[in-house]
Amino acid sequence: MRTNFLSQQFNASSLAENSTACPANATICDGTSCILPEDNFNETLSVVLSTVLTIMLALVMFSMGCNVEIKNFLSHIKRPWGIFVGFLCQFGIMPLTAFLLSLAFNILPIQAVVVLIMGCCPGGTTSNVIAYWVDGDMDLSISMTTCSTLLAMGMMPLCLFIYTKMWTDSDAIVLPYDSIGISLVALVIPVSFGIYVNHKWPSKAKIILKIGSIVGAVLIVLIAVVGGILYKGSWIISPKLWIIGTIFPAAGYSLGFLLARVAGLSWHRCRTVSLETGMQNTQLCSTIVQLSFTPEQLELMFTFPLLYSIFQLLFALLILGGYRLYRRHRVKTKTDVKKTEQKEDSKSNAKINGGFVSDEMK
């Protein structure tokens, strides 16, 4: 951890009058200048919020596991066509899209690298929450998130080696395998408990699922707010990166849905693959960037993961809103058609049987 210092000036007369003019926490006091340690409020806030978010995420993933049935989950593992399509989207479409966007906008090499790192990251756990709200296949969603996180240990180095050669030496990028492993454990353990609860106590699992889905929605908003608080001073970023940060997640959602549909998956699985493709593990991307680059380089690229995370959430919420409107309209239309058919059947029966037809039916 790099320690920065703030310098505070004091005039010579005040020092002459009072030898204790320097604050008690000053590390160096030389003549007219004292050096104070940096206020660590943001660091403390970051630790506290990270702890809270981790606990909330574990509870959310536990509740999402309560919607997974063992036999359906195992069927995806035994016949992994949906997982394979998701794999092509995650480690085929996303890195290639990142590469093409970097070329198209002719951004700086260091900025191209961070875009590619984002494209090579595995899927994020937020996709599981959104997949639940859009009536996606939760068994497929969780199996895809788990498999992409596990496969990232091998696929991330391979994709970065292929796509970053023209901008930087791939050996310069440090992959935090411990963070990937922790993400995998934090995903698998709560979900496993949730699956067990659903198997043993299905009625209780439904209650937990409803509570968890609400907590998940709060968590999504909280992550966005926390990002704004902790990185409020880091929004000086190239306009080209703003454009890429907007286009990239939208392209991921669209191309993921298209490939899933071409592969013959059902509509609810297409929605699932789409969300798993567009939603990346932005926390992992931030970790890789901080471990791999100097402070001068970070000034040009550090905010991009946060930018991507904001737009991926924004587009996901738009997808959710659009789906909910479509579902409401579709259910209403189906109800109206059913009522009309019942009314017509009543009319025809009355004519055939010679029965009385009321004024309301005419």
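The backbone N, Cα and C atoms fix where each Cβ goes, and this holds for glycine too.
Taken from TrEMBL, the feature transmembrane segment covers 45-63 (among others).
Among residues of the same chain six or more beyond the transmembrane segment (83-105), those with a C-beta under 8 A of the stretch's C-beta atoms are 76-77, 111-112, 115-116, 118-120, 122-123, 140, 143-144, 147-148, 151, 155, 159, 162-163, 167, 240, 243-244, 247-248, 251-252, 255-256, 259-260, 263, 265, 273, 276-277, 280. The transmembrane segment annotation in TrEMBL covers 83-105 (among others).
For 112-134 (among others), the entry in TrEMBL reads transmembrane segment.
Counting same-chain residues at least six beyond the ends of the transmembrane segment (140-163), those with a Cβ under 8 angstroms from any Cβ of the stretch are 64-65, 68, 73, 76-77, 82-83, 86-87, 90-91, 95-96, 98-99, 116-117, 119-125, 127-128, 131-132, 170, 173, 175, 177, 180, 183-184, 187-188, 191, 269, 272-273, 275-276, 281. For 140-163 (among others), the entry in TrEMBL reads transmembrane segment.
Under the heading transmembrane segment, TrEMBL lists 175-195 (among others). Sequence-distant contacts of the transmembrane segment (175-195) (same chain, at least 6 residues past either end, Cβ-Cβ under 8 Å): 54, 57-59, 61-70, 73, 122, 125, 142, 145-146, 149-150, 152-153, 156-157, 160, 205, 208, 281, 284, 287-288, 291.
If you look up TrEMBL, you'll see 207-229 (among others) marked as transmembrane segment.
Per TrEMBL, transmembrane segment is recorded for 241-260 (among others).
As annotated by TrEMBL, transmembrane segment applies to 306-326 (among others).
Per TrEMBL, the feature compositional bias 'Basic and acidic residues' maps to 336-348.
The feature region 'Disordered' is assigned by TrEMBL to 336-362.
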